[in-house]
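In what follows, a structure is listed as structure tokens, so that the remarks can point back to it.
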Amino acid sequence: MTQKACIVGGGVIGGGWAARFLLNGWDVAVFDPDPEAERKIGEVIDNARRSLPALYDKRLPDEGKLSFHSDLAEAAAGADWVQESVPERLDLKHKVLGSLTELAPKTAVIGSSTSGFKPSELTSEGARAVVAHPFNPVYLLPLVELVGDAAETARAAEVLRSIGMFPLHVRKEIDAHIADRFLEAVWREALWLVKDGIATTEEIDEAIRMGFGLRWAQMGLFETYRIAGGEAGMKHFMAQFGPCLSWPWTKLMDVPEFTDELVDLIAGQSDAQSGHRSIRELERLRDDNLVGMMRALKKSGSGAGGVLNTHERALAAPAEAELPITGDRQIPQSWTDYNGHMNEAHYLEAGAAATDRFMELIGADADYIASGKSYFTVENHLRYLDELLAGERLTVTTQVLQGEGKKMQLFHFLKNADGKLAATMETLLLHVDLNTRASSLPGAEVGEKLKAFADAHKALPFPEGAGRFVGQKAV
Ligand SMILES: NC(=O)C1=CN([C@@H]2O[C@H](COP(=O)(O)OP(=O)(O)OC[C@H]3O[C@@H](n4cnc5c(N)ncnc54)[C@H](O)[C@@H]3O)[C@@H](O)[C@H]2O)C=CC1
Ligand SMILES: C[N+](C)(C)CC(=O)CC(=O)[O-]
């Protein structure tokens, strides 16, 4: 049965939560008194539709139903998860969480997005809630800091994993949890650097994005510094840089006063730096960059890439069809080019991924390859028949044309969401012994499975376009 999330407060963060649940197949009911809430959330969800599916090489579940409610009881009825994301004021959080405790099903997790309040503060007037603190954009970044009752946060963690997030249990409640403690320290130093006229907002951003910002996404702080200690590792690093902590490098806890002058100085520099772009434009730029970086992390399984790999493995396999389905995904924005459609190179990428999937189907999987046997491609022929656009669903099915001895000849059909043929790729592979790098017969089981597909597919019509080559004569 479809699960339901109730989103209370649909601003920057509530909108992100709505998108995360919706695109993972949950029904989403929103309660927000702002008359503009539907438009704002719609824009956030459009951004999410453009970016979240691009992280995966499999299709996400069909989107759930989105509804807006002026009655909190109606929004909360039947919910499996309720997420409060109203402004960061304790009196307001008490009021909203108190009502939700009465109205939501007893079985529902009630999460608060609070950046700073502790669970004991949120529940001091009898409300039932745990802190589920996410990061912007909630639909792309996996981290959620969970703080509160152990059984309830364990239940919450399971749900969060199922929608591709990374729950981090905070062992002891503290103001601002873990991550915002860092962010606050960095923010405080940045304010001092601007106030003291040492650096502009743009120079501070360059100092982050040209250097340590790139490192942090893949190894965090401690692993990065371990390497910085050279062969002697962390001990050497601490011996060398530990004493600096007592030098006057930082402002420590000294907070700059938030005068009108400082606010104007920072807002003015920020306008000069980025005011020529709208917030939505900046969001799309941020999302495209995040998708590119997170896809790179997927390859090594580092950081957020490991979370994506785990979630992708849990996504449902496509339904059976006459031909094996060897690909089912949405087309990422990053696959499109200056002509506004999927670039030719990615047709090959989709076809090559289908070959890999077919190899798995006949047992030529990672273990088989590790045992020293594999297939090498020796020839491909691609026909580009129709445009494919960003966000469209792409499915690939595979017919075996030849599957005996060392040879495996496959014909991939690449189709859009309406089942229209957009491309075909014919590919010839030879089985190879990875130790001698010479062609060889496949293992008995792989050979038999391949032959079974080949025999079954012999009954099918020979595909139109198979056996073709580029016919233009050279002049
Ligand atoms: N903006 C950020 O970077 C992050 C914010 N948070 C936390 O998320 C929460 C929300 O912050 P934002 O989304 O940034 O704020 P926001 O100002 O963008 O959105 C708040 C929304 O709550 C609505 N609202 C106000 N009173 C309400 C009520 N009684 N019932 C239902 N909705 C109501 C407002 O109309 C608005 O749409 C805060 O607790 C904040 O600390 C957490 C992570 C990051
Ligand atoms: C500024 N902030 C404290 C609301 C930020 C967060 O809580 C997390 C984030 O997304 O940076």
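Backbone N, Cα and C define each Cβ position, glycine as well.
Quick look at what TrEMBL lists:
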DOMAIN    5-172  domain '3-hydroxyacyl-CoA dehydrogenase NAD binding'
BINDING   Gly9, Gly10, Gly11, Val12, Ile13, Gly14  NAD(+) binding site
DOMAIN    178-242  domain '3-hydroxyacyl-CoA dehydrogenase C-terminal'
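This view paints the features noted in TrEMBL onto the structure.
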residue: Gly9; record: NAD(+) binding site; contacts (Cβ under 8 Å, 6+ apart): Phe31, Asp32, Glu84, Ser85, Val86, Pro87, Val96, Ser113
residue: Gly10; record: NAD(+) binding site; contacts (Cβ under 8 Å, 6+ apart): Ala18, Val30, Phe31, Asp32, Asp34, Ala37, Lys40, Ile41, Ser85
residue: Gly11; record: NAD(+) binding site; contacts (Cβ under 8 Å, 6+ apart): Asp32, Asp34, Lys40, Ser85, Pro87
residue: Val12; record: NAD(+) binding site; contacts (Cβ under 8 Å, 6+ apart): Val44, Asn136
residue: Ile13; record: NAD(+) binding site; contacts (Cβ under 8 Å, 6+ apart): Ser85, Ser113, Pro134, Asn136, Val138
residue: Gly14; record: NAD(+) binding site; contacts (Cβ under 8 Å, 6+ apart): Ile7, Val8, Val30, Asp32, Ile41, Gln83, Ser85, Ser113
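Within 8 A of the CB centroid of the NAD(+) site residues Gly9, Gly10, Gly11, Val12, Ile13, Gly14, the other residues of that chain are Ile7, Gly15, Gly16, Trp17, Asp32, Ser85, Val86, Ser113. Under DSSP, the residues of the domain '3-hydroxyacyl-CoA dehydrogenase C-terminal' (178-242) split into helix, strand and coil as follows: 56 helix, 0 strand, 9 coil. Val12 (NAD(+) binding site) falls within a helix when secondary structure is assigned with DSSP.
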